[in-house]
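These notes are about the structure you will find just below.
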Amino acid sequence: MKGSHVFLFSTMCWSMLANGNKLFHFGPCRISMSMNEIRAGFAAIKDNIQGRDPIRTVSILSHPHSLHKIKSSEKCCIIHHLFNFYVDKVFKYCTTEDSYVNRKISSIANSFLSIKRNLAHCHNQNMCKCGQESTEKFKQILTNYRGLNVTSAAMKSLGELDILLDWMEKSR
């Protein structure tokens, strides 16, 4: 019986990787996602979204050390908060007059929603430990976001998506 579980797990992992999914480790939480699909969608609209950002002196995610040097044990917590943040506060306020851009935003949002559900499972199983460090860093991100009007903050956050994606890849 034990061998069949190993075979099933190996087959499942191979299937995910064959579909272009990568397995990400955020502390004890393991999440499969198609980073290439998210990056391709973002790359297609990055210049358009960033061109809409009139405030270049403020950042939501790259405030000094917002995502840097987070303990491995707290990565699950911060990523859980960040995916909730993007689904609940960013994507729903990002609309443009360009239907192509809106479709790309919607596609990225759907990917985030799926990943958010998987992260919620880890969080609900008490696998994500939220310590002071991750709590403080996420509070700083929210403070940066709330410092702008909702639409500007949402567009800026979307324009900084590559910061989050790069951090996730490094944390893998």
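Placement of Cβ uses the backbone N, Cα and C atoms for every residue, glycine included.
Source: prediction; values computed, not measured.
The recorded disulfide partner of Cys130, taken from TrEMBL and restricted to Cys77, Cys94, Cys122, is Cys77.
Per TrEMBL, the residue from Cys13, Cys76 that shares a disulphide bond with Cys128 is Cys76. Looking up Cys29 in TrEMBL gives a disulphide bond whose other cysteine, out of Cys94, Cys122, is Cys122. Residue environment of Cys29 (disulfide bond) contains 20 other Cβ atoms, counted within 10 Å of its Cβ in all protein chains. It is Cys77 that, of the disulfide-bonded residues Cys76, Cys77, Cys122, Cys128, Cys130, has its Cβ surrounded by the most other Cβ atoms within 10 Å.
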